[in-house]
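Participant: Dropping a structure here in C-alpha cells format, bear with me for questions.
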Amino acid sequence: MGALRPWARYGLLAVAHLLALGLGATVLQALEGPPALRLQANLRAELATFQAEFGACLPAGALEELLGTALVAQAHGVSSLGNGSEARNWDLPSALLFTASLLTTTGFGHMAPLSAGGKAFCVAYTALGLPASLALVAALRHCLVPLLSRPGAWVATRWQLPPPRAALLQAVALGLLVVGVFVLLPALVLWGVQGDCSLLEAIYFCFSSLSTIGLGDLLPGRGSGLHPVLYHLCQLALLGYLLLGLLAMLLTVETFSELPQVRAMVKFFGSSGPVNAEDEGAILGQDELALSTMPPSAAAPAQVPAC
C-alpha cells in the first residue's frame, strides 16, 4: 500500500467510511425495525380500542387533533404529564442545562426555543460561545496534559520502557480511568436513582452524552415524578457531569491521537510516500511522554551526530 498515490489513499478511506455507514445502517435496520413496527401496531390497537369505547363521546378527528397538539408541544419539551416538577422548562437550572448542551454540542433535544427571538439568540450565542469554549478547552488541555504525562514518564523510567510503548500504556490507562469514572460509575448511580431504566440504558446515556451525540431519549430525572428540588438538583449534577466528562473525554482522545502508531497512520494517508526512518524518528520524538519531567539520572543518552 505504500506505493499508492494520495488520491487513491483518500479514495480508500472514503470507500471504507461508506462501507462502515452502510454496515451500521443495515445492523440498526435489522435491530430496530421489528420493535418499531410492534410499537406502531400497539399504538394503533390502543387508539382503536379507545375510539371504540369513547368514540361516541368525541367529535370526529378530535382525538387526532389533541394528540397532534401534544406531540408538537412534547417536541419542544413542554408536557402536561407528571406531577408538575417539569412544568417550568425555562427556569434557571433548565436554562443552564440547555446552554451547556449548546456550548458542548451535545444537544439533548429535550428542550427547544419557541420564540423567534429565542432561536435568533441561540444562533448568535452558539456562534460566539463555541469558539470561546474551544479556547477554554485548549487552555485546560495545555495545563493538564503535562500533569497527566508525569505518571507515564515515571513508569517509563522505572521499567525502562521505550517511549512508544510507554505512550501506549499511558493512553490505555487514561482511557480505562475515564471509562470507569465518567461512564461506569455515573451509569451505576443513574441506574440506582432512575428506577425506570436498565444498566445498559444508563451506560448508553453516559456514552451518548460524552460523545456529544445527545440523542435525548433518556434524561436523568425526567418523567420520573421527582420533587421539583430533586429534579433541579439532577439538572445541575448533569451540567457538572457534562463539563467535566467532556474535558476528560477530549484529553483521552488527544492522548490517543498523539500515539506514534496513530501519527504514523495519519502520516501514511497524508503523505505521497511511505513513512521513512526520518519521519518515524520525528514522530517518536514528539511523543517522549514529557521526558523533561524525569530526573537527570533518567535522561536519554545523547544522540549520535548524523553523518
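A Cβ is built for glycine as well, from the same backbone N, Cα and C atoms used for every other residue.
A TrEMBL annotation is a machine prediction, not a hand-curated record.
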Participant: Looking at 32-51, 92-111, which one is transmembrane segment according to TrEMBL?
Facilitator: 92-111
Participant: Could you give the residue numbers and ranges of same-chain residues that sit at least 6 residues beyond the transmembrane segment (230-253) on either side and whose C-beta is under 8 angstroms from one of its C-beta atoms?
Facilitator: 85-86, 91, 93-94, 96-97, 100-101, 104, 106, 137, 140-141, 144-145, 148, 171, 174-175, 178, 181-182, 186, 193, 206, 209-212, 219-222
Participant: What residues in the same chain, six or more past the boundaries of the transmembrane segment (198-218), come closer than 8 Å to it by Cβ-Cβ distance?
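Facilitator: Sequence-remote neighbours of the transmembrane segment (198-218) are 101, 104-110, 182-184, 186-188, 190-191, 241-242, 245-246, 248-249.
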Participant: State the non-local partners of the transmembrane segment (123-148) in its own chain: residues 6+ outside its ends, Cβ under 8 Å from one of its Cβ atoms.
Facilitator: 99, 102-105, 170, 174, 247, 250-251, 254-255, 290, 293
